[in-house]
Amino acid sequence: MPEIFHRKLERSAIGLVIAIIAAASVGGIVEIAPLFTIDETVEEAPDMRMYTPLELAGRNIYVREGCYACHSQMIRTLRDEVERYGPYSLAVESKYDRPMLWGSKRTGPDLARVGGKYSDFWHVAHLTNPRDVVPESNMPAYRWLARTSLKMEDLPLHLAAQKALGVPYTDEMVENAARDAYGQATPDTDFAAGVATRYGDETQVSAFDGVKTDVTEMDALVAYLQILGRLTGAAYENTAAPEGKPNPEG
Amino acid sequence: MIRQLTSSERQNAAVIAIAVAIVGLAMAAVGRTDVLGVHGVMVMLFAGAVLFYVLSGLYQPEPTEDRETSYYDDPIKVGIVLSMAWAVFGMFMGVWVAAQLAWPNLAFDAGWSSFGRLRPTHTTGVIFGFGGNALIATSFHVVQRTSRARLAGQLSPWFVLLGYNLFCLLAVSGYLIGVTQSKEYAEAEWYADIWLVIVWVTYFILYLRTIARRKEPHIYVANWYFMAFILVVAILHIVNNLALPISWGHAKSYTVWPGVQDAMVQWWYGHNAVAFFLTAGFLGMLYYYLPVRAQRPIFSYRLSILSFWGITFFYMWAGSHHLHYTALPHWVQTLGMTFSVMLLVPSWASAGNALLTLNGAWHRVRDDATLRFMMAAAVFYGISTFEGSFLAIRPVNSLSHYTDWTVGHVHAGALGWVALITFGSLYTLVPSLWKRERMYSAALVEVHFWLAIAGTLIYVFAMWNSGIIQGLMWRTYTEEGALAYSFVDSLVAMYPYYIARAFGGLLFLIGAVVGCYNIWMTVRSAPLAAPLNADVPIAPAVAGE
Amino acid sequence: MDLDHNSVVAFSKSWGLFYLIALAVGVVVYTFWPSNRKRFNQAKNSILGEDDKPWK
């Protein structure tokens with residue numbers, strides 16, 4: 001019986017195709033299938049908020065510039081990482097991230113908890129020319145970001161797409177996306193108040209690049225960097241102080 | 001080339017080119033306010049160039065002889081040329097980005113030339129441009145010779161080859177103008193991904209139909225590997241790239257996979273791209289060109305079958321070893337680690353099978369740099385698969401992950417295995433395809449070999465050193481229990497190695513340029529008057545295994 | 001709920017293993033089936049033959 005079966009298999013090109021699919025797909029399915037239900041295992045974080053339109057735009061600049069090639073956003077459960085960067089990353093913290101930007105290489109440091117660690121001014125100076133701030137740095141200079149106006153009119157489309165994929169943006173947020181992006185970077189205008197109403201009082205409204213009139217890509221990127229690790233406090237609740245966290249391998 | 005097509009096939013080619021041009025026009029129109037419009041124009045120009053070529057040859061004489069009495073080699077020849085062109089481009093980009101890490105001002109203060117945008121042009125250029133074209137070309141060659149049948153289509157091989165290169169162009173140009181998904185090794189955006197699906201399905205059907213018309217009863221094992229490469233890459237590509245564009249007029253899309261699911265899907269894709277693009281396909285090359293060049297049958301055919309199924313099966317589970325100690329569930333990490341270690345068995349079986357095939361032909365390895373390319377490739381394959389299994393072990397990974405060690409490992413595989421087996425195969429293939437007695441210059445093959453070996457060794461030793469130093473510095477504590485080094489301390493320690501790495505890459509690039517020159521001169525030299533195979537003996541009868 | 005995470009994981013862990021074993025046994029049986037030996041020997045020598053044209 002196996003002889004007949006295998007001879008057919010070998011002789012038939014279609015048989016080979018089916019056999020390859022059977023052998024190859026199961027590994028993937030066994031590993032992948034449980035991930036479709038993995039939302040059940042992702043931690044609860046009731047305080048989790050979404051990216052504001054400006055932060056999302058900043059995230060898209062981070063994506064566009066390929067920052068993930070040198071910066072991870074995933075603190076592993078290792079003592080030295082927790083002490084260097086902060087509480088280890090939880091799955092829930094990237095639940096609105098499309099794509100995830102965990103990264104695979106640290107030519108520069110991890111950025112999962114860089115939000116709030118430095119001032120806006122520091123970030124602008126650093127992005128303008130990293131070697132002004134960190135003389136040994138080999139990061140590219142991004143001074144042209146401050147010269148490039150942020151394209152805001154498409155932002156409702158971005159939020160609508162995210163909403164369609166399950167991110168709980170409201171219709172009001174989608175409608176006001178462009179205004180909110182403008183308002184978050186221009187604290188003195190009428191638009192600034194709407195951001196706090198829709199995304200919470202803790203939202204950082206600031207002239208990130210120091211220029212209050214114009215919204216540039218620098219504003220958006222700094223706004224994004226400043227929210228990294230601050231969408232939820234869950235990681236701090238779970239892990240307490242860094243030194244209290246035992247080595248998970250120990 | 002157009003002379004091989006009948007006039008109705010030429011008309012079909014023109015219709016396809018017009019259809020693609022119309023799609024390009026539509027993209028340019030709806031995406032006029034977005035970077036999508038730039039790509040629309042590019043598609044139009046590409047299709048227009050093809051159309052111009054087809055129309056200019058529309059009334060050339062039709063093929064007179066029966067085409068089925070000869071193999072279809074024209075697309076293979078073009079594929080080889082494209083592959084070498086991409087090799088030089090991709091490796092040049094690699095040297096440039098490597099140099100930027102040592103001298104960051106080499107970005108010249110422009111957006112398009114910063115590290116983050118150039119890096120995917122390097123990876124896409126070498127993996128998909130160089131590797132992909134080489135795979136398409138050699139798979140077309142191997143399937144015809146082992147099946148003793150002509151390709152099952154006149155137009156579709158061209159559609160596959162040119163369509164694939166259009167995808168590569170869209171991908172690489174996109175990164176420069178800021179179009180990327182930032183999914184590692186799958187950065188191209190949704191419309192390029194859809195186009196690749198169309199091209200890939202055509203490739204699959206063409207390959208399957210060619211195998212189906214074979215005159216040999218048995219499907220030679222190299223075809224199994226090519227088949228697995230085509231099939232699984234299709235599955236991986238589609239699942240990983242499922243995305244929702246923000247509108248039809250925008251290049252930007254959002255992946256359907258959020259957070260931790262995306263991480264798993266991306267590395268399931270990423271690691272299996274290594275498995276089925278960079279391993280299975282190139283093993284197909286190995287199992288054909290190495291025996292042919294050595295004029296010895298493969299050491300054990302049975303072993304090649306066992307390792308085929310081992311690789312096809314085990315690799316699929318291994319992806320999660322990229323996510324050790326992360327927010328991915330622990331059991332998935334453990335599974336990935338276990339199967340990564342098990343992978344060593346079929347991997348070493350393949351490498352050993354290749355090396356044992358050369359047993360008794362070592363004098364040929366000594367004298368023939370082409371064969372030596374393939375021998376060295378098998379050795380590097382063995383080394384890098386061992387290293388891969390080793391790095392997948394969780395505690396080892398805690399040190400190596402995020403460091404240059406990973407980069408060194410990848411390049412031990414990519415330079416030492418993938419590129420060397422490709423060069424060896426191309427040096428075997430080019431003279432036979434163009435009906436030349438041998439390569440233009442055996443000495444230049446020798447020069448290329450030593451440049452490639454020196455470049456690879458310098459590169460991987462630099463990265464092993466820097467990676468391990470980096471990993472150790474990050475976890476070193478002072479006696480008081482504080483972290484001993486800041487991140488910047490570890491970066492400063494990397495600079496000498498970054499310079500050495502760029503130098504190693506430069507040697508490798510020079511080798512590829514030498515190879516291009518040699519291939520070009522071979523093509524230009526006078527063809528053989530007598531039919532080929534003057535120096536190819538009939539198969540010796542070898543009994544048993 | 002029938003299809004909760006734990007049951008999917010349990011299914012994957014148990015049946016995945018059976019699948020692996022069944023596949024391995026199948027491949028080994030095929031590879032070492034005595035009557036396949038001749039075909040394999042023929043195949044591995046077939047690529048070395050002179051070959052400039054497709055077969056009729």
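For all residues, glycine too, the Cβ spot is worked out from N, Cα and C.
Note that TrEMBL annotation is computational and uncurated.
Annotated domain 'Cytochrome oxidase subunit I profile' per TrEMBL: B:15-545, in sequence order. The average per-residue pLDDT of the prediction over the domain 'Cytochrome oxidase subunit I profile' (B:15-545) is 93, rounded to a whole number.
The transmembrane segment annotation in TrEMBL covers B:36-59 (among others).
The annotation transmembrane segment is assigned in TrEMBL to B:80-103 (among others).
For B:HIS411 (heme b 1; low-spin binding site), other Cβ atoms within 10 Å of its Cβ number 26. Here TrEMBL flags B:HIS122, B:HIS411 as heme b 1; low-spin binding site.
Residues annotated as transmembrane segment in TrEMBL: B:123-143 (among others).
Tertiary neighbourhood of the transmembrane segment (B:155-178): same-chain residues 5, 9, 12-13, 16, 35, 38-39, 42-43, 46, 50, 72, 75, 78-79, 82, 86, 111-112, 117-118, 120-121, 124-125, 128-129, 132-133, 136-137, 140, 187-189, 191-192, 195-196, 198-199, 202-203, 205-206, 251, selected by CB-CB distance under 8 Å and a gap of 6+ residues from either end. Residues or ranges marked as transmembrane segment by TrEMBL: B:155-178 (among others).
Counting residues 6+ beyond its ends, the transmembrane segment (B:224-248) has Cβ neighbours under 8 Å at 30, 135, 139, 142-143, 181, 183, 186, 190-191, 193, 196-197, 200-201, 203-204, 207-208, 211, 254-257, 265-266, 268-269, 272-273, 275-277, 280-281, 283-284, 287, 305, 308, 312 in the same chain. Taken from TrEMBL, the feature transmembrane segment applies to B:224-248 (among others).
Feature annotation from TrEMBL assigns transmembrane segment to B:268-290 (among others). For the transmembrane segment (B:268-290), the residues of the chain that approach it from at least six positions outside its boundaries are 127, 131-132, 134-135, 138-139, 142, 145-146, 183-186, 220-226, 228-229, 232-233, 236-237, 239-240, 298, 304, 308, 311-312, 315-316, 318-322, 350, 354, 357-358, 371, 374, 377-378, 413-414, 417-418, 421-422, 424-425, 428-429, judged by C-beta separation under 8 angstroms.
Taken from TrEMBL, the feature Cu cation binding site covers B:HIS271, B:HIS321, B:HIS322. Within the same chain, residues at least six positions away from B:HIS271 (Cu cation binding site) with a Cβ under 8 Å of its Cβ are B:TYR315, B:ALA318, B:GLY319, B:HIS321, B:HIS322.
According to TrEMBL, the feature transmembrane segment maps to B:299-318 (among others).
Annotation source TrEMBL lists transmembrane segment at B:338-361 (among others). Within the chain, the transmembrane segment (B:338-361) has long-range Cβ neighbours (under 8 A, six or more residues past its boundaries) at 283, 286, 290-291, 294-300, 303-304, 306-311, 314-315, 317-318, 321, 371, 374-375, 378-379, 381-382, 385-386, 388-389, 392-393.
The transmembrane segment annotation in TrEMBL covers B:373-393 (among others).
DSSP classifies B:HIS409 (heme b 2; high-spin binding site) as helix under the three-state reduction. Counting every protein chain shown, the Cβ of B:HIS409 (heme b 2; high-spin binding site) has 21 other Cβ atoms within 10 Å. Residues annotated as heme b 2; high-spin binding site in TrEMBL: B:HIS409.
Listed by sequence, the residues of this chain that lie at least six past the ends of the transmembrane segment (B:413-430) yet keep a Cβ under 8 A from its Cβ atoms are 76, 80, 83-84, 87, 126-127, 130-131, 134, 137-138, 141, 274, 278, 282, 285-286, 288-290, 292-293, 369-374, 376-381, 383-385, 388, 436, 439, 445, 448, 452, 455-456, 459-460, 508, 512, 515, 519, 522-523. Sequence annotations record features per position, and here TrEMBL assigns transmembrane segment to B:413-430 (among others).
Residues 369-370, 372-373, 376, 380, 404-405, 407-409, 411-412, 415-416, 419-420, 423, 427, 497-498, 500-501, 503-512, 514-515, 517-518 of the same chain sit 6 or more residues outside the transmembrane segment (B:442-464) yet have a Cβ under 8 Å from a Cβ within it. Taken from TrEMBL, the feature transmembrane segment applies to B:442-464 (among others).
Taken from TrEMBL, the feature transmembrane segment covers B:498-520 (among others).
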With CB distance below 8 Å as the criterion, list the binding-site residues among B:HIS122, B:HIS271, B:HIS322, B:HIS409, B:HIS411 that sit near chain A.
B:HIS322
Cβ-Cβ under 8 Å with the transmembrane segment (B:373-393): same-chain residues at least 6 beyond its ends:
286, 289-290, 293, 318, 321, 336-337, 340-341, 343-344, 347-348, 350-352, 354-355, 358, 365, 400, 405-406, 409, 412-413, 415-418, 420-421, 423-425, 427, 445, 449, 452-453, 456
Using a Cβ distance cut-off of under 8 Å, indicate which of B:36-59, B:80-103, B:299-318 has the most pairs with the transmembrane segment (B:498-520).
B:80-103
Enumerate same-chain residues with a sequence separation of six or more from B:HIS122 (heme b 1; low-spin binding site) and a Cβ-Cβ distance below 8 A; give 'none' if the list is empty.
B:GLY90, B:MET91, B:MET93, B:GLY94, B:TRP96, B:VAL97
For B:HIS271 (Cu cation binding site), just give me the three-state DSSP call.
helix
Remaining residues near the recorded Cu cation site, that is with C-beta within 8 Å of the centroid of the site residues B:HIS271, B:HIS321, B:HIS322:
B:TRP267, B:GLY270, B:ALA318, B:GLY319, B:SER320, B:LEU323, B:GLY336, B:SER340, B:ALA392
Starting from the Cβ of B:HIS322 (Cu cation binding site), draw a 10 Å sphere and report how many other Cβ atoms land inside it.
26
